[in-house]
Amino acid sequence: MKSSEAAQFYFSRAADQLGVNESMRRRLMIPRREIQVQVSFETDKGEVATYVGYRVQHNNARGPMKGGFRYHPQVDLDEIRSLAALMTVKTAVVNIPYGGAKGGIAVDPRTLSLTEKERITRKFIDQIHDVIGPDIDIPAPDMGTDSQTMAWIMSQYNKYHGFNPGVVTGKPVEYYGIPGREEATGRGVGILTLKVLGRLGRKPQQTRVAIQGFGNVGSHAAKYLADAECKVVAISDVSGAYYRADGLDVLSAIRHVNQNNNSLAGFKEAEKLPGDQLLELDVDVLIPAALGGVIHEANVDRVKAPIIIEAANEPVRPEADEILANKGTLLLPDILANAGGVTVSYFEWAQNRQFYHWNLDRVRQELERVMSQAFETVWDLSRARKVSLRTAAFMVGIERVAKATALIGVA
Ligand SMILES: NC(=O)C1=CN([C@@H]2O[C@H](COP(=O)(O)OP(=O)(O)OC[C@H]3O[C@@H](n4cnc5c(N)ncnc54)[C@H](OP(=O)(O)O)[C@@H]3O)[C@@H](O)[C@H]2O)C=CC1
Ligand SMILES: O=C(O)CCC(=O)C(=O)O
């Protein structure tokens with residue numbers, strides 16, 4: 001199953017439960033616009049490098065389209081299409097006034113110097129500035145991009161359209177960003193992990209957690225859960241997995257990464273395991289927080305964790321999702337688990353447009369409120385309708401988007 005077929009599969013399953021008619025299904029599934037552009041820039045050596053950039057604008061029935069930019073060599077139109085559709089449902093699940101979009105460039109950011117990353121980003125915005133905007137489509141960080149990338153996007157967009165901080169979120173706090181956006185996705189993952197543990201009557205102190213990916217999302221989720229006294233026993237990045245049975249010192253791992261070119265390589269306070277083994281550890285909670293599709297038909301039988309929190313987008317293939325459901329694994333889906341990032345993006349955007357300001361405590365409080373409300377709604381529906389949390393989350397999201405779409409009509 002291709003990436004976009006996976007999103008369609010979950011969508012159809014929820015649409016069946018809701019009784020959505022065929023005509024509405026087509027309106028909700030077919031993206032409004034798909035953009036593919038050539039992105040050429042001058043390298044530090046004075047050569048011309050050329051890459052492909054994408055932006056898929058999936059749906060705007062509930063508001064401007066919203067979603068991150070990903071820089072990764074595996075980016076392609078199919079993946080971006082699927083991630084854009086997920087954004088439409090995600091923003092509806094947490095009930096913020098947005099539609100969904102996603103974009104990216106098929107480039108390995110680790111091969112770019114900082115100045116090359118700036119040039120490729122500005123060239124990308126040159127190509128798409130006329131189809132994004134604070135009322136149209138608002139990018140944000142995703143894999144391989146960060147607050148610095150968002151600052152370049154705002155600056156480049158402003159060259160064409162004048163001062164407009166609301167065109168992009170996830171900006172540096174010193175440049176129209178909001179305190180708490182950087183940690184928001186990982187923090188939201190942490191908040192909901194504790195909620196799941198609470199519902200299952202498990203104590204954080206007796207919970208062993210493994211987290212794949214130690215970038216923005218993985219590291220902040222690890223910190224939040226360690227602060228809540230969970231035992232984070234394994235973390236990983238492309239250099240491999242790092243395991244310590246009695247719990248890792250997460251702050252020490254973060255310090256190591258900060259001082260070591262963003263890599264866990266050489267982290268000595270843990271036993272090193274081959275990267276893939278992390279997914280198969282005998283832990284209570286598994287949090288994939290890196291790439292999509294990492295739990296699939298070939299490895300799902302070896303996944304032992306009874307609870308999976310999808311911090312990454314689409315980390316579980318639909319074939320594996322079915323197998324996990326049959327063996328009773330509790331899976332909190334991406335469109336709910338990692339919605340903390342876009343939620344705080346919404347706070348940032350609203351404040352950019354109205355020139356007011358929340359402090360970190362207020363941002364955290366509002367994030368917790370929005371995430372908790374969405375969690376309760378999805379959890380209760382899942383119990384009431386005897387469907388998985390993924391199907392329940394899709395049902396909540398699709399119902400809201402379908403209502404808005406019906407109200408708009410076809411004028
Ligand atoms: N940033 C955000 O706000 C949001 C992100 N997400 C999703 O969360 C996931 C992670 O995003 P984010 O943290 O921003 O990305 P980052 O680029 O900050 O971090 C990605 C992390 O994954 C690691 N990684 C990459 N490939 C592998 C692999 N094969 N095995 C183990 N680790 C690997 C990277 O390692 P290395 O550094 O060594 O390359 C890095 O530690 C993505 O799926 C993204 O779509 C979802 C919602 C919002
Ligand atoms: O913060 C945002 O607007 C988007 C975050 C994102 O791309 C995601 O949730 O997958």
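In case you wondered, yes, glycine gets a Cβ from its N, Cα and C as well.
Curation does not apply to TrEMBL; its annotations are automatic.
Per TrEMBL, the features are as follows:
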BINDING   LYS66, LYS90, SER345  substrate binding site
ACT_SITE  LYS102  active site, proton donor
SITE      ASP142  site 'Important for catalysis'
BINDING   THR185, ASN216  NAD(+) binding site
- Query: How many whole Å apart are the CA atoms of LYS102 (active site, proton donor) and SER345 (substrate binding site)?
  - Reply: 14
- Task: Using CB under 6 Å from any atom of ligand 1, narrow the recorded positions ASP142, THR185, ASN216, SER345 to the ones that qualify.
- Result: ASP142, THR185, ASN216
- Item | Where the C-beta lies under 6 angstroms from ligand 2, the matching binding-site residues among LYS66, THR185, ASN216 | LYS66
- Message: Name them in sequence order: residues not among LYS66, LYS90, SER345 whose Cβ is within 8 Å of the mean position of the Cβ atoms defining the substrate site.
- Response: GLY67, MET87, THR91, ILE96, TYR98, GLY100, ALA140, ALA339, GLY341, VAL342, THR343, TYR346
- Item | Neighbour count (Cβ, 10 Å) for LYS90 (substrate binding site) | 29
- Note on the structure: ASP142 (site 'Important for catalysis') sits from ASN216 (NAD(+) binding site) (Cα to Cα, rounded, in Å) at a distance of 9
- Query: Same-chain residues six or more away whose CB lies under 8 A from the CB of LYS66 (substrate binding site)?
  - Reply: MET87, THR91, TYR98, GLY99, GLY100, ALA101, ASP137, ILE138, ALA140, VAL342, SER345, TYR346
- Reduced DSSP state (H/G/I helix, E/B strand, rest coil) at ASN216 (NAD(+) binding site) is helix
- Rounded Cα distance, in Å, between LYS90 (substrate binding site) and THR185 (NAD(+) binding site) is 13
- Query: Tell me which residues of the chain lie with their Cβ under 8 angstroms from that of THR185 (NAD(+) binding site), as long as they are six or more apart in sequence?
  - Reply: ASN216, VAL217, HIS220, ALA221, ALA311, ASN338, GLY340, GLY341
